[in-house]
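Quick look at what Swiss-Prot lists:
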type     : residues                              : note
ACT_SITE : D335                                  : active site, proton acceptor
BINDING  : K38, G111, R140, Q187, R366, R408     : phosphoenolpyruvate binding site
BINDING  : K38, S39, R43, S185, Q187, D335, K362 : 3-phosphoshikimate binding site
Amino acid sequence: MAQPFVLLPTEDSHQTLRIQPPSTGIGLRGRIRVPGDKSISHRALMLGAIASGETTIEGLLLGEDPLSTAACFRAMGAEISELNSELVRVKGIGLQNLQEPLDVLNAGNSGTTIRLMMGLLAGQRDRFFCVTGDESLRSRPMARVIQPLSQMGAEIRGRQGNTRAPLAISGRSLQPIRYVSPIASAQVKSSILLAGLTCEGQTTVVEPALSRDHSERMFRAFGAKLTVNPEEISVTVEGPAELTGQPVVVPGDISSAAFWLVAAAIVPDSDLLIENVGVNPTRTGILEALQQMEAQITLENERIVAGEPVADLRVRSSNLQAIEIGGSLIPRLIDEVPILAVAAAFAKGTTIIRDAEELRVKESDRIAVMASELGRMGATISERPDGLEITGGAALTGATVDSYTDHRIAMSLAIAALQAKGQTQIQQAEAAAVSYPDFVPTLQQLLG
């Protein structure tokens with residue numbers, strides 16, 4: 001039988017993933033693990049670098065985004081051992097001791113890297129930093145972070161009226177603020193809180209809805225004085241902080257697990273166990289949405305590991321039903337909307353996703369791209385200003401589609417291709433390595 005999954009190099013240094021599902025159906029069965037959580041990996045490297053003493057990190061994601069974070073902090077004097085998923089050691093240099101780098105800091109494709117660093121670097125007194133990224137990152141909005149940091153006294157300059165990278169940051173003494181954020185964004189919140197660590201006094205961020213709380217959990221573990229007001233949906237940090245290195249254990253990334261949750265739900269005769277997945281309640285919106293769609297998903301072996309909830313996720317083939325989602329659920333599954341759209345294409349009825357306009361300023365315009373590329377495969381899908389409308393039941397057909405160098409688009413289209421008739425070619429599929437370097441080998445493991 002021909003190999004069902006082939007990653008082909010192209011003349012322009014990109015890669016095309018060719019998927020030809022087996023002619024006889026083969027369910028997804030067995031046990032797998034997904035890479036370490038990207039959000040936690042970033043934060044462990046950053047806090048380890050600015051703490052005193054040593055931080056050890058087990059299960060670090062070796063994707064391109066955390067590698068960018070590690071490279072930036074090495075350039076500013078932090079000692080970070082050779083990166084591997086077993087154990088990484090970070091020798092911190094202290095909150096106010098980051099060195100002025102000799103060259104431009106490159107965040108690559110990582111919005112988390114550049115936005116969180118902005119808050120931290122803004123308070124590094126009398127030092128200058130220039131931060132850039134790849135073409136995609138240079139097109140993404142930075143004003144949402146620059147504006148509150150400027151209220152704290154930060155001096156940050158960028159392209160297009162201080163809204164785009166590259167960014168020039170002149171470190172200064174900052175003042176604490178109370179900031180009411182117009183959007184629920186863990187990146188905005190975390191950047192302000194990192195800046196607040198360097199201030200004298202209390203810095204508070206109020207959000208319209210709860211965003212992921214990995215920063216808050218890790219701040220506390222490293223010794224920061226932090227309080228949460230759940231009624232107001234606010235977080236307050238007191239500075240200046242004294243952070244101490246800690247052991248960090250990174251669970252599997254639920255955003256990566258989401259691809260296999262949907263795959264096993266839509267591929268007949270599947271029974272898959274995804275082990276060691278982080279199930280932080282600020283991240284489990286995808287589980288709630290899929291369970292609302294009547295996906296057969298259960299949590300097994302639930303436990304707490306290094307302050308984060310962890311479980312094994314079992315998923316079986318399911319008869320999915322359409323749903324309507326929006327509101328406070330969206331920040332808890334914002335990264336999973338592309339793969340949720342794939343699930344909706346195989347559900348009975350019309351699924352409507354609202355309040356997800358943030359997707360238009362991710363690595364790609366994920367609303368437009370999913371409507372376009374999933375539509376090429378025959379899905380009945382249309383854009384809404386703030387989301388998508390998908391009517392399930394249309395038979396998908398293999399097609400040539402484009403990831404637009406967006407890792408979550410590439411992997412979502414690959415899962416859709418598992419149940420499409422004929423061959424699908426996904427252009428610029430190398431983007432998957434941003435968050436899931438072993439995505440294609442895992443495909444091969446399950447169906448190859």
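From the backbone N, Cα and C atoms, a Cβ is placed for every residue, glycine too.
Of all the binding-site residues listed here (S39, R43, S185, K362), K362 has the Cα closest to the Cα of G111 (phosphoenolpyruvate binding site). Between the farthest pair of Cα atoms in the 3-phosphoshikimate binding residues (K38, S39, R43, S185, Q187, D335, K362), the distance is 20 Å. In this structure, R43 (3-phosphoshikimate binding site) is part of a helix by DSSP. Rounded to a whole value, the Cα-Cα separation of Q187 (phosphoenolpyruvate binding site) and S39 (3-phosphoshikimate binding site) is 10 Å.
Considering only the recorded positions R140, D335, R366, R408, S39 (3-phosphoshikimate binding site) has D335 as its nearest partner by CA-CA distance. Within 10 Å of its Cβ, the residue among the binding-site residues R43, K362, R366 with the fewest other Cβ atoms is K362.
Of the recorded residues, R366 (phosphoenolpyruvate binding site) and R43 (3-phosphoshikimate binding site) place their C-alpha atoms 25 Å from one another. When the binding-site residues K38, R140, R408 are compared by the number of other CB atoms within 10 angstroms of each CB, R140 has the fewest.
Counting only the Cα atoms, the space from D335 (active site, proton acceptor) to R43 (3-phosphoshikimate binding site) is about 18 angstrom.
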